[in-house]
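**Q** Straight from TrEMBL, here's the annotation block:
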BINDING   CYS483, CYS486, CYS523, CYS526  Zn(2+) 1 binding site
BINDING   CYS492, CYS495, CYS510, CYS513  Zn(2+) 2 binding site
DOMAIN    255-421  domain 'Helicase ATP-binding'
DOMAIN    518-688  domain 'Helicase C-terminal'
Amino acid sequence: MKIAKIIVDVPLMQTDKAFSYRVPDELLDFLMIGMRVHVPFGSANRLVQGIVVDFAEEEIFSDLKAVSELLDPEPVLTKEQLWLADEMRHSVFSYKISCLKAMLPNLLNSSYDKLLVAADGSKVKWSQLTEADKVLSAKKVRSAELSVEYVAKSKENRKTQKFVVINDVDKLSAFEIEKRAKKRLEMKYYLLRHANEKLSVKDLDFSSAILKFFVENQLVHIEEVELSRTQATFDAVSSDSAKVLNDEQQSAFNHIIKSVEKPFLLEGITGSGKTEVYLQTIAHFLELGKTAIMLVPEISLTPQITNRFIARFGEKVAIMHSGLSDGEKYDEWRKIKSGTAQVVVGARSAIFAPVENLGVIIIDEEHESSYKQDASPRYHARDIALLRAKWHHAALVLGSATPSLESRARAMRGVYELLLLTKRANESAILPDVEIVDMRREISDQSSNFSHVLLSKIKEKIEKDEQVILMLNRRGYSSFVMCRECGFVVDCPNCDISLTLHMDTRTLNCHYCGHVQGIPQTCPNCQSRKIRYYGSGTQKVEEELHEILPEARVLRMDVDTTRTKNAHEKILEKFGHHEADILLGTQMIAKGLDFPNVTLVGVINADTGLNLPDFRASERSFELLMQVAGRAGRADKKGEVLIQTFNPKHYAIELTKSQDYEKFYEMEMRFRRELSYPPYYFTVQVLVSHKNEEVAIQKSYEIAQMLRQNLTEKSKILGPTPRPIARTHNLYHYQILVKYRFEESLERALNQVLELTQLRENKELRVLIDSEPQNFV
Ligand SMILES: Nc1ncnc2c1ncn2[C@@H]1O[C@H](COP(=O)(O)OP(=O)(O)OP(=O)(O)O)[C@@H](O)[C@H]1O
Ligand SMILES: [Zn+2]
């Protein structure tokens, strides 16, 4: 009898192994590995989703449940992806089903309509077919007689653009409009002048009343066209060609294309032309008929980078990032799966893109913590990249100006091959001068965010018609509501944290649990009416700038100004066109920006990240300062950087002055060794949560005890200790940190901890296991 091995969508320890189901006769020829099905599960035979991972031919005597329904006309997961999920399971400690689901576009995980499209364009809904018809259709899909289209049910996922279409040019031209109706006349001639163009309603400079007049007189009609955002991006980018590589770039390139034996660490100072090396490497592999994955951090924040890839590779590019709607993500996924797109540019999850014949994977800014997923499955894109490169015999390039200590240490041990770029690519550009401003000496005006020297530099640059980037470290600077009478701050009822003020919606929101409430008129504590809003750091700095430099044109970029779609792009575009003198923002302006006219970068508060209870605090601060400093003087004008700080002697700040990564690496490694932290030790964090604090404490002690019993004495087990934010979502959190070097029984011990949560008595206990955690706050 033919048996399908199926992983069911029920995240439990018991379901982590595939279950056996009988393949009914009508599906015998059609069911394939990587397809999704519905199967009966549990004693009630509830229908659940499952993924076919294998087949077996077995003699079965008992009654075996059968697969009840085919969900896809074609496989949605490749064999490689199934293998990846197996591998991930060993280090990620999430159930296999959640690893598998991370590889599928969301749209497949939710209820979308599936349409089967025939060559003549006729469509039928998959859900309305009988099982027999589904099989028949699946066969036609396989032979390419039918194609599959997924359509979003909700309007929100559909983006449309409205165009004005002239019904008949002669009729419009002959149509008489009274001379007094000036605007209507203007519109008529405008339409006639642009009769051969696509006129978007949105770009029209006439009121909707005027437009309505033309529609009502049947001179024009409005056409609504479904639009893909990515298409709009493609249209806007002009093409670009390869530059002649300098010696260092050329040498790096030669190494990368020569061998796939080891991953490469491409360490190049800011502006050294790493991106140009990426582009030419990808072009090389495309010529060999291969494909490429290019990962960038939080891509929606760096449209400049995406655009460089589109400019070079045009329609061969698929873009994948969180800013896309589910429908758009699905479109890009299809482009990849069908082979139309050969270059995938995307954020973390793009590492799972279903490309075949992979030639190269590149991870830009490899030190970025956003490559680690902060929710289940807690994978690091770099680890997945290592696996995929192995599977495909593909080259892997990790690029950064400030590599993570883990990667740099691996390069020192010869696990990676180190490639260096030590000069700026643009010959006339050199690294900017960095000056540290000791804010403890700025005694004249304590309340100002600006030192005298920073202010006078800003003025000087604006007078010369040059541009300035100002960065404010975001941490601890979100806007909140406080009572001026009693100091009461409005906290989240579910979490130990103050609510953040959202000016656009006029609400107070919790960034942890999503709680939303209105802004109180009186203080909930003392009933005073003196309740005040405290704007975000950037907002305050912006106000101060307007006061002291009223003539300066300022663009602000932070969470508040970028909530709407494409807001980032718009701000950066304006700045690029010199419609502003100053770009003021949070960390989001530190990365990837390449504006030749920027000659000054100012960091308003370099300290906020330094004192966080996280062993990577210094590394993060140093990286950030080096990154943002690198935005200055990228073309022929010399750049300057001013860093304001209250800790001028801290090594992470002092070493940005000399921009000395080597020295920083050396010092930081010494601390890590002394304190037994990565890269000398590996780490795993176990987070134990419960709504009752006593239970959370008791269970976390129990778990720590279990680990101490099961692991060797060489491993260090710290905790349990309360999390820095001890309560969120009405749950109390305690954490245990395991530090180890070689630990054979680790996987078994941690699985045993997971099993604990399956006990009936622990129903409300939550245990998260995070291998190589990136965030401790
Ligand atoms: N070989 C080259 N010849 C001339 N110009 C180059 C060359 N390579 C790169 N450039 C230019 O130098 C500038 C910096 O290059 P690029 O952005 O690739 O550097 P990067 O190392 O990726 O930068 P960062 O890490 O700071 O974002 C860009 O404007 C780029 O067009
Ligand atoms: Zn909350």
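Including glycine, each Cβ sits where the backbone N, Cα and C put it.
Please treat TrEMBL annotations as automatic predictions, because they have not gone through curation.
Remember, it's a predicted structure, so these values are computed and weren't measured experimentally.
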**Q** I want the residues beyond CYS492, CYS495, CYS510, CYS513 whose C-beta is within 8 angstroms of the mean position of the Zn(2+) 2 site's C-beta atoms, in chain order.
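**A** Here the nearby residues are PRO493, ASN494, ILE497, LEU499, HIS511, TYR512, GLY514, HIS515, THR728, HIS729.
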**Q** Report, in whole Å, the straight Cα-to-Cα distance of CYS523 (Zn(2+) 1 binding site) from CYS513 (Zn(2+) 2 binding site).
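**A** On Cα coordinates alone, these residues lie 23 Å apart.
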**Q** If you measure CYS495 (Zn(2+) 2 binding site) to CYS523 (Zn(2+) 1 binding site) at Cα, how many Å is it?
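**A** For CYS495 (Zn(2+) 2 binding site) versus CYS523 (Zn(2+) 1 binding site), the Cα atoms are 19 Å apart.
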**Q** Around the C-beta of CYS523 (Zn(2+) 1 binding site), how many further C-beta atoms are within 10 angstroms, looking at every protein chain?
**A** 21
**Q** At the Cα level, what's the spacing in Å between CYS510 (Zn(2+) 2 binding site) and CYS523 (Zn(2+) 1 binding site), rounded?
**A** 18
**Q** Tell me the Cβ neighbour count for CYS492 (Zn(2+) 2 binding site), meaning other Cβ atoms within 10 Å of its Cβ, over all protein chains shown.
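**A** The answer is 24 other Cβ atoms.
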**Q** Long-range neighbours only, meaning 6 or more apart in sequence with Cβ under 8 Å: which ones does CYS483 (Zn(2+) 1 binding site) have?
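**A** In sequence order, the residues whose Cβ lies under 8 Å from that of CYS483 (Zn(2+) 1 binding site) (at least 6 apart) are VAL489, CYS523, ASN525, CYS526, SER528, LYS530, ILE531, ARG532.
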**Q** For the binding-site residues CYS483, CYS486, CYS492, CYS495, CYS523, CYS526, which sit with their CB under 6 angstroms from an atom of ligand 2?
**A** CYS492, CYS495
**Q** Can you grab the distance from CYS486 (Zn(2+) 1 binding site) over to CYS492 (Zn(2+) 2 binding site)? Cα atoms, rounded to a whole Å.
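**A** Cα of CYS486 (Zn(2+) 1 binding site) to Cα of CYS492 (Zn(2+) 2 binding site) measures 18 Å after rounding.
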**Q** I'd like to know the mean pLDDT over the domain 'Helicase C-terminal' (518-688).
**A** 88
**Q** Tally every other Cβ atom lying within 10 Å of the Cβ atom of CYS495 (Zn(2+) 2 binding site).
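**A** Its Cβ has 20 other Cβ atoms within 10 Å.
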**Q** Whose Cβ, among the binding-site residues CYS486, CYS513, CYS526, has more other Cβ atoms within 10 Å than any of the rest?
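**A** When each Cβ's neighbours within 10 Å are tallied, CYS513 leads.
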**Q** Using the CB centroid of CYS483, CYS486, CYS523, CYS526 as the Zn(2+) 1 site centre, which other residues of the same chain sit with their CB within 8 A?
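**A** What remains near the Cβ centre is ARG484, GLU485, GLY487, PHE488, PRO524, ASN525, GLN527, SER528, LYS530, ILE531.
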**Q** Within 10 Å of the Cβ of CYS510 (Zn(2+) 2 binding site), how many other Cβ atoms are there?
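**A** A 10 Å sphere around the Cβ of CYS510 (Zn(2+) 2 binding site) contains 20 other Cβ atoms.
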